[in-house]
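Beneath this line is the structure, given in structure tokens, with notes to follow.
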Amino acid sequence: MVQPKVRGRRAEKKSKEVNTQPEDYSPNDRSELEENDDKVESNPALKTTFFGLVDSNEIDYFKQAESTLNVNAFDNDEEREGFIRSVLEEARGKELKLVTNQICSKLMERLVLFATDRQLKNIFRQFSGHFVALAHHKYSSHVLETLLVRAAALIEKELVNDFKQDEGEVDDEISQDNDREDEAVVSMETLFVKMLDEFNPHLKTMVDHQYSSHVLRLLILIIAGKELPSTTTSNSTLRSKKSKIARKMIEIKDNDDFNRSFQTPPSFKDQLRKLCNSLGSKGDMKHMRELAINKVASPVLQLLIQVEGIVDKERTFWHLIFLSENSDKNPQEEAFVEYLLSDSVGSHFLESVIRNGGARMKYIERLYKLYMKDRVLKLSKRSTTGVFIIQALLFKLKPAEVLFILDQIIPELASLISIDENQNLELGKNIIDASISRDNYRREELIEQLFVKFAPNYDRHNPSADTSSEFLENTLHLTGSTLGNTRDDWPTAQERRRSLFLEKLMEYDHSFVVCTWLNFLALPIARFIQMCYHGVFSHVVENSLVVIPASEGEPKSVLIIRKRFLNLFQNEIVNLACNSYGSHIVDRLWNFTVLLNMYKDRIGSELASESHKVKESTYGRLVWKNWSMELFVRKKFDWKSLVKNQEEEYFGVGSHEGQNSTERVKKPIELKFEQMMKEKQMKEERAQKAEEGFNKRKNNEFEYGYDNDNKKAKIRGRNR
């Protein structure tokens, strides 16, 4: 039989690539993974199934229907439901060939998203017996994923007895078989379990299949009761990067059933156990390790390790990849871990099993102590592989080990971060977070390292007015950026990463904020104004508009720099207020001008002088409202009262007289602690009152002689 042609140039290129695995870890020429691929090709059930062609007239109709649903040009939901019923009626009996057609599969996916519960069951039944073939198809696999998410929501609805038949549906929606009444009452759980039984013999071949592996991942998430991720977000565990981009291009949006988890019936736990047993049976360590570094199969194994603890306390999949927690260093395991630490797919696998849970803490600690602890700094220099594992370990290991990693990295942080190559920016942010979580461990040294790297000529203890713009240039690379381009260039991903990194520095310590102000002053004013209108750099300007809290006290030198920085916005307030990016900056200026009433009044006067232009703009109206400009124009005294209230809030002063003006603003944690102490005191008082009442009743019983039935008994004699 003629072998099917391998699809795509990437597959051909991949077959010509030279194996780059370490010498210690080298699979045989004919690995079990390749044998498994041969089994897929030889399995008749997994061959491309032909369900028929859609003729040109049908394609035109369904394409028009898809466009109608896309624009959603319906007056109300009832009109849309009627349209969907008519399209489903036209598609009856053609569902299988529609989902395998490139154009019509988009229509079927939209129909699944908008279908009622009863229509959803009917579509599910039409796919029965063909789920395996549909999961292995390029187009129908996407429709099947959407159908499974909707099915999970319907299962939860049936569990809480909230499933109702829609009154507006007609009898033609159900099949014309004699037993249609029986089909209508079959639960979604029963249909889902039947589908799982259909998949069960083919699970091992689905693990590393280009399309069905995504379906398998979704099945694991559903039966484990985990959150079903969005299909369009960049960090989704469900779709590939290319698939998410394509989904955005065809404008298919998720409904409310995505980005949440669903309640599952008890039978799903048995199904999860059955699925894990099927995938883990007759598995050997060599084959599992090959799957762990396989681009397609690796995400499936990550999920299996994450959920296997629900049904398997022995953690079979973990021990099919790594040795037990009591084992010593093993040469083969060491070579495999080294490959994980140096390979892009392998490092993503190891990072995921560390970060997302599933693996026991003692398993992770063993790998860290045996194979990573003595070379933390070396791994941190692998900016595309090993550094991600170190970042994951920072938030998983015990405090002592985290401090050890910080001791290794902080002294060398300046040499690890490279803005030119966009290397280890995330490492810098995670080191800051780890230091904060450990009571600001080595904070001063960390700040000093960052200034040595990005502003070596700046003295943060004595900021001077003759500071250059080296800090902004070293962090943002303004020269050569899209700043000032007139071709409407989109900001690049590198610019976005650099901006987020600088914003993290300013959030970490106010000395970075002051340094940023001085760098803004060193720039040409036109260059600074361009930053205010830039899609990414405007966020840097916005986040630099922060004032030192009154509890810490703002030095006079910093106050002078703040005034000089505010002068840069003069005569540009109106244009900024009418811009989508600049309006956020003007909003921030309200709090940034605290204690500087002259500057606040000047900004208000600029807005009032061109009030007509500001009010005509959508963004300008929001700025006008946030600055309370109606009071500024009509009731200036009330506006100044708002300014006075802002100053009192800044100093933490109450509105009533006689309160100390130097009272420090209490932090939220302090207010929460005071509330807890009050509640504790009230509980103690209630307990004391209850105890006093109990003792009083006991004394009465002793005095009047209560019996076991709490009845008072008369006592005769003089001792009564």
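Glycine is treated like the rest: Cβ placed from N, Cα and C.
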From 639-679, 680-720, the residue range that Swiss-Prot assigns the feature region 'Disordered': 680-720
PLDDT averaged over the residues of the repeat 'Pumilio 7' (523-560): 94
Non-local residues, at least 6 beyond the ends, that sit with Cβ under 8 Å of the repeat 'Pumilio 7' (523-560): 463, 469, 472, 476, 478, 481-484, 490-491, 495-496, 499, 502-503, 506-507, 510, 513-514, 516-517, 568, 572, 576, 579, 581-582, 584-585, 588-589, 591-592, 594-595, 650-652, 664-665
Same-chain residues near the repeat 'Pumilio 8' (567-605), Cβ under 8 Å, at least 6 residues beyond its ends: 520-521, 525, 528-529, 532-535, 538, 541-542, 545-547, 559, 613-614, 617, 619-620, 622-624, 626-627, 629, 632, 639, 643, 646-647, 650
